[in-house]
């Protein structure tokens, strides 16, 4: 008779896991055997439900069931049925699946003030794992997605279904949602509550970066950064600009009614040029006035109308403070241009770290105490291709008659590199730091150097794009006086010298690789 050797057993698992329900039997081998599985009274279709269910075993006496990536809806009763032509039997197992909590329900805003909101909800399914905590999240038109908010109580346990959200901004539209968590994990969030706006309050945030200056004659220009809408605390938002000559007591004030304004210009013919003023900017809304920014010093405009007219006028002039060179690559926005300041007595500038073989646009502006003058005409220039990246190689030297003869392989430029125009040979005594340079358009050079010193030699290719990469340093050791004096050395000695020098440079080149 057919008997179970390993029958399926009940299990308690967590959603997302994979498990194996065994079903192994002993039977009369001449008889055909068939395994089938049912789930909650329905036969499992392994082709249709192959994403999660698979029959495994590999032999005719095993029909194990693999359940992959278990879902909450896979909880229930599983039955393994075994049948031969003469008998049949079955074994059952219960599968309990636990998972993170389901989404809370019916999130509502019960009460709202300028900075708080009372939020309540109903618990969702716990999915066989008790809920331990809740987290309240909020979203506004100004936030990036949903953000967790501070609440009272600070930690909301699984048996609490209401909380007070604190630290909200006045006069901002909020919506809330709630997320439940258990020891298994964090569940899906609830549906959002209705949208409600907090009440108005006096403004508390002052404008940042209050400054100014520039403008034309008889003007005092005051600028600031606008207060973001979410920090305005109410409707009817605007600015109160206050200023006075430095050292005086009375403030002059004006109201700027636009919440988007970031500049105020005071004009008065009696305004002295380039005079210091104490300036501060306050805020107000429908609830009343808020605080002022810190006092800062702003200078009234200088006498000149603008930089260009001042430079060309024969009447009283205003000094140029500096010149600014702006440069940007073709295809980039002019607002992203690089900037370089130069002294007023300079009529040139060197701009470094540009890309090779690229079109650039350049323009110059002048600045004085009255502000920025107009831009020069834009100049277009294309940088040269970068210099060759390959250094000279296979350097060989020989010496004869107080001369050192150097030879090297030609450097070939890549398609995106400048053509080689020649080579620079750098040489110096080993004991000195000053370097001498010889330029040549050939791949060899003769150096007339005394033989009683060690020499360090490097070779670089150069092109329209600048100098290329340098070769390895070549050290030429000093040679004894007997060899150095060509007139007193025999022919055989001269030949020996040339051979020794060739061997020495070969060894030096190999050791430097």
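Every residue gets a Cβ built from N, Cα and C, even glycine.
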Among 189-214, 215-240, 241-266, 267-292, find the range that TrEMBL records as region 'Disordered'. 189-214
Could you tell me the mean pLDDT over the domain 'Fibronectin type-III' (103-201), as a whole number? 97
For the domain 'Ig-like' (1-90), jot down how many residues DSSP puts in helix, in strand and in coil. 3 helix, 44 strand, 43 coil
